[in-house]
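Chemist: So TrEMBL has the following annotated:
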type    : residues               : note
DOMAIN  : 9-387                  : domain 'Serine hydroxymethyltransferase-like'
BINDING : Gly125, His126, Ile127 : (6S)-5,6,7,8-tetrahydrofolate binding site
SITE    : His230                 : site 'Plays an important role in substrate specificity'
MOD_RES : Lys231                 : N6-(pyridoxal phosphate)lysine
Amino acid sequence: MIRWIKIFDKNIQDILDAVNSHQSYWRDALPMIASENITSPLARCMLITDLSHRYAEGKVGHRFYQGCRYIDEIESKTIELSKELFKAEYVNVQPISGVNANISAFFALSKPGDKILSLKVSDGGHISHAKYSAAGLRGLKVYNHPFDNERMNIDEEKMVDTILKVRPRIILFGASLFLFPHPVKEAVEAAREVGADIIYDAAHVLGLIAGGKFQDPLREGADIMTASTHKTFPGPQGGIIFCKKKYANEIDLAVFPGTVSNHHLHHLAALAITTAEMINFGKEYAEQVVNNAKYIAKDLYNRGFDVLCKKHGFTESHQVVIDISSIFSGKDAATKLEDAGIVVNANLLPKDVNSNVDDVSGIRIGVQELTRLGMREKEMKMVAEFIERVLLLGEKPSILKEEVTEMKKKYQNVFYCFDFGKDNAYSFDLFKLKI
Ligand SMILES: *Cc1c(COP(=O)(O)O)cnc(C)c1O
């Protein structure tokens, strides 16, 4: 919480009040947005250091500005740690977001008019895989993976046929609605035959991959792996690209000077800290995330929710997806949950292919942040009960919110990182840090 000094400017006061309210909102809530997470207190400290003011265009040892001596040390350490954690041949740590990483990879591998095979947004694909975002900006012709709604995954056999027929330049895996590992191995032979490169967008699942869970795209045949650094990977907001050595030069040029001038140096230091923490605690964290997701999926199903993919064990990731359309729209369900202090998002499901974004059938929940806050199976059961009481038993969300806030009081520290004294995440006092 930010402790206020006396402030006389109304605008500043308004902004600080909103920031303060935001802090309290999340302190009291159960954060279950599948694309979010919480950094360790130490990583968070990096974000307010002097690094946030500086420029370091170029690469380690070859900068366009003076003053980069220590930035070089930090960046080379980040690269070294990332390579170690992901057993990657090459890494670029400069993209400032996952979309930035994707567009850089598209520029590195393709030219306008080339074809890309990716997942449709309603099947879980990200907007940057589609014609109205990064893929379209690069001028790529977008073809979609054949999808099996029942298994919530790409249909492997039809995918191979599609690759041979379409002959794409890029085969893109990865998704935002992402329950099960994608068939990367199964695409390798056909990719080779038509001369396609494979990109795996690990934005959502990077933290699981770091912990040896879900799948290992770089070993399964992906040429390039892009990601955000702040979803299941609990780092600062940012992006990252891993690749085989032979793509290193194209990737580097597509990032700088292609799509980034100055990368965010405070985020870089926080990424280095998070990566070191994941080397120590990643396995334990990823395991608990997946266990929690499987547990809450089953529990919600037993309470009467239409949780997708029962036959396939509900999920192998941090996500659980509920088709709520027999009772509410996804948006109404998410709003009711928010009123009770449980923050999830409404999500398109494959059957919503022709619906607009306000009329979706699903809610997507992620357990990674609750896991970071020390929650395990016992707590998943309590959370599932809250969700049942709001959505199935019709209890008043505003009354339930008090119980949610009370429960959350015990979960205010971040786990799976080094202990940073008693002053953990939410009691963080910016003005105490003499940086
Ligand atoms: C979130 C997401 C991204 C983009 O992430 P940003 O870091 O927000 O730019 C890219 N791909 C997928 C699959 C995602 O879910």
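If you go along the chain as it appears here, the first residue is 1 and each next one adds 1.
Cβ coordinates are placed from backbone N, Cα and C, and glycine is handled just like the others.
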Chemist: May I ask which residues of the same chain, at least 6 positions away in sequence, place their Cβ under 8 angstroms from the Cβ of His126 ((6S)-5,6,7,8-tetrahydrofolate binding site)?
Modeler: Gly98, Val99, Asn102, Ser133, Gly174, Ala175, Ser176, Asp201, Ala203
Chemist: Tell me the coarse DSSP state (helix, strand, coil) of Gly125 ((6S)-5,6,7,8-tetrahydrofolate binding site).
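Modeler: It is coil.
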Chemist: Same chain, not part of Gly125, His126, Ile127: whose C-beta falls within 8 angstroms of the C-beta centre of the (6S)-5,6,7,8-tetrahydrofolate site? Give them in sequence order.
Modeler: Ser118, Leu119, Val121, Ser128, His129, Ala130, Ser133, Ala175, Ser176
Chemist: Which recorded positions from the set Gly125, Ile127, His230 have a C-beta atom lying less than 6 Å away from ligand 1?
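Modeler: Checking each Cβ against ligand 1, none of them comes under 6 Å.
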Chemist: Can you count the other CB atoms that lie within 10 A of the CB of Lys231 (N6-(pyridoxal phosphate)lysine)?
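Modeler: Total other Cβ atoms inside 10 Å, all chains included: 28.
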Chemist: Give me the count of other Cβ atoms within 10 A of the Cβ belonging to Gly125 ((6S)-5,6,7,8-tetrahydrofolate binding site).
Modeler: 25
Chemist: Among Ile127, His230, all listed as recorded positions, which has the most CB atoms within 10 Å of its CB?
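Modeler: Ranked by Cβ atoms within 10 Å, first place goes to His230.
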Chemist: Please report the Cα separation of Gly125 ((6S)-5,6,7,8-tetrahydrofolate binding site) and His230 (site 'Plays an important role in substrate specificity') in Å, rounded to an integer.
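Modeler: The Cα atom of Gly125 ((6S)-5,6,7,8-tetrahydrofolate binding site) is 18 Å away from the Cα atom of His230 (site 'Plays an important role in substrate specificity').
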Chemist: Cα-Cα separation of His230 (site 'Plays an important role in substrate specificity') and Ile127 ((6S)-5,6,7,8-tetrahydrofolate binding site), in Å?
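Modeler: Taking the Cα atoms only, His230 (site 'Plays an important role in substrate specificity') lies 18 Å from Ile127 ((6S)-5,6,7,8-tetrahydrofolate binding site).
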Chemist: Give the distance between the Cα atoms of Ile127 ((6S)-5,6,7,8-tetrahydrofolate binding site) and the residue listed as 'N6-(pyridoxal phosphate)lysine', rounded to the nearest whole Å.
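Modeler: Distance between the two Cα atoms comes out at 16 Å.
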